[in-house]
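A.B. asks: What follows is a single structure, and I will ask about it in a moment.
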Amino acid sequence: MILFSFVYFMLTYTIHPDPLITSDFGITENEDELGFYCGLIASSFFFAQFCTSIFWGYMSDRYGRRPIILLGLCSTAITSTLFGLSKNLTWAILTRSLCGFMNANVGVAKSMLGELSDHTNQSQVFSIFGFAWGIGVIVGPALGGYLANPAKTFPDIFGNWDFFIRYPYFLPCFVAALVPVVGFVIGYFFLEETKGRKKNVRDGENQEDSNPWPNSAQDDHLEGTDTAYGSGQRLNELYQTSQPPIPEDAERQLLVTPSNIRNRQGQGHPSQYGSMTTQSPGSQNTPDQSNRKLPRLSIMTVVAYAIMALHSISFEEVYNLYALTPLISHGLGWTSIQLSNSLALMGFVQLFTQFVVYPELGRRFSAVWLFRISQLVYACVYIIFPIIRDFAVDEDDMEVGGQTSRVWYLILAALLVKNTSGVFAFTSVMVMITNASPSHLLGTANGIGQMSASFMRAFGPAMGGISWAWSLSNGLIFPFNYYFIFVVLSFISALGFFYSLFIPSDLRVKV
């Protein structure tokens, strides 16, 4: 978030008294083209992350979450510093791409949170994740804008430093790099590995109700780590520790009938009293090939994440363009300060919703229901933004920064609803992916989810920007005028709602 507060200015021409000193890229003087180059820098990170998210998720499943997290923090610190040394567009794209290639923090962190939580505290745990992101949304852009070009901003301190004149954006990048450095130090000494941590979770209410064994007996149930080979020793232990005891005829059937014990890897034969699995000698810790495949429900939650990421990230780009576009061109005609203030205020709203509202609702409703509601709200609120412009803007007042009384509060109200829905959507879909994925594939599942979201973040802003520009210049009527992109986003979010109806509503306990 620190970086994107000054990328726009990196691309412009800057005149310096010393012709040997060129502080900015000087790519173009045409402001209409700057958005394209800004998009290249932003998309390079997400496209690179799209290419490697599954790989890092798989590596975290194989070698553990902790080493991958530490590697990601270290690489982020290095590449952020290198980005501050950019003197041309190629170097900027290269360093951002390298950061994306090596960055697996988000997906692996979600896996760790999933392994540290259960259905009783998932909403609180994942809310902390969103809370940290909200702090970054508030602090990052402000800090980046404040520290950019320090030789000009703080001439008494940095005015005579040639280094900061030649590299005016190194300081905010260096400060940004200190954050993962601190995280690396804390993680190295205090972060514990979570992969393989055993959690006592139920398989579901229906299975619990239909199984005559109490939970204590189920914990001691055959898990595939012991071998029977007809000795009956394990069955004796079960018989002695379970209440009520197994009927004599049922025990005799289990001991005598060889078909009830399958000597296969990772498979068992279900009975009215549960299931048992045995492994052949030398096959321990060798998972069945089918166990390496994500279940259908896990893939469905990842697709829901991708749909939601597409319309939400596209709106972020469209909102910036809509707010800064002049009134005469069907925008709001805001200044950059008004836009920044609206985003900062929504950051505080996100913090409150994430840390106070969502945990309470998460205890009352399933993540799937909260996700569905958020998609419906998204579909309604997107179309409200151009309507506000039609009914609240005075066409006789075309000055930049005008309409402060009516438009400002209406837009803030719409943003309030939209950001609240965003908290529900993003937090709920993280819980959904966690609950729908097997523990040994949780890193891979989150890697695929992060890959999907990264692709949408690389594609979405371009789609939004191009659609907005086309709608302003095509001369067509509704819905192909400036309403067009908002209608498209509403349609995508509605599609996300209908798609979520195919996901079980009671996806609350880890499957």
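Note that Cβ sites are derived from N, Cα and C of the backbone, with glycine treated the same way.
In case it's useful when we look at the structure, here is the feature table from TrEMBL:
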- 1-508: domain 'Major facilitator superfamily (MFS) profile' (DOMAIN)
- 34-56: transmembrane segment (TRANSMEM)
- 68-85: transmembrane segment (TRANSMEM)
- 125-149: transmembrane segment (TRANSMEM)
- 169-191: transmembrane segment (TRANSMEM)
- 198-227: region 'Disordered' (REGION)
- 261-289: compositional bias 'Polar residues' (COMPBIAS)
- 261-292: region 'Disordered' (REGION)
- 297-315: transmembrane segment (TRANSMEM)
- 335-357: transmembrane segment (TRANSMEM)
- 369-388: transmembrane segment (TRANSMEM)
- 408-433: transmembrane segment (TRANSMEM)
- 454-470: transmembrane segment (TRANSMEM)
- 482-502: transmembrane segment (TRANSMEM)
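For the listed features, I'd like the structural context: burial, neighbours, distances.
C.D. replies: Sequence-distant contacts of the transmembrane segment (68-85), counting only residues of its own chain at least 6 positions beyond either end whose CB sits under 8 Å from a CB of the stretch, comprise 3, 56, 59-60, 91-92, 95-96, 98-99, 102-105, 108-109, 112, 167, 169-174, 176-178, 180-181, 183-184, 187-188, 191.
Using a Cβ-Cβ cut-off under 8 Å and counting only residues 6 or more beyond its ends in the same chain, the transmembrane segment (169-191) has close neighbours at 2-3, 5-6, 10, 66, 69-70, 73-74, 76-78, 80-81, 83-86, 140, 143-144, 146-150, 158, 163.
Within the chain, the transmembrane segment (297-315) has long-range Cβ neighbours (under 8 A, six or more residues past its boundaries) at 371, 375, 378, 382, 418, 422, 425-426, 429, 432-433, 436-438, 441, 445, 448-449, 452-453, 455-457, 459-461, 463-464, 485, 489, 492-493, 495-496, 499-500, 502-504, 507, 511.
Counting residues 6+ beyond its ends, the transmembrane segment (369-388) has Cβ neighbours under 8 Å at 304, 308, 311-312, 315, 319, 322, 330, 358, 361-362, 407, 410-411, 414, 417-418, 420-422, 424-425, 427-429, 432, 482-483, 486-487, 489-491, 493-494, 496-497, 500-501, 505 in the same chain.
With a threshold of 8 Å between CB atoms, the same-chain residues lying at least 6 positions outside the transmembrane segment (454-470) that come near it are 35, 39, 42-43, 46-47, 49-50, 53, 100, 306, 309-311, 313-318, 321-322, 482, 484-485, 488-489.
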A.B. asks: If you average per-residue pLDDT over the domain 'Major facilitator superfamily (MFS) profile' (1-508), what number do you get?
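C.D. replies: Average per-residue pLDDT within the domain 'Major facilitator superfamily (MFS) profile' (1-508): 74.
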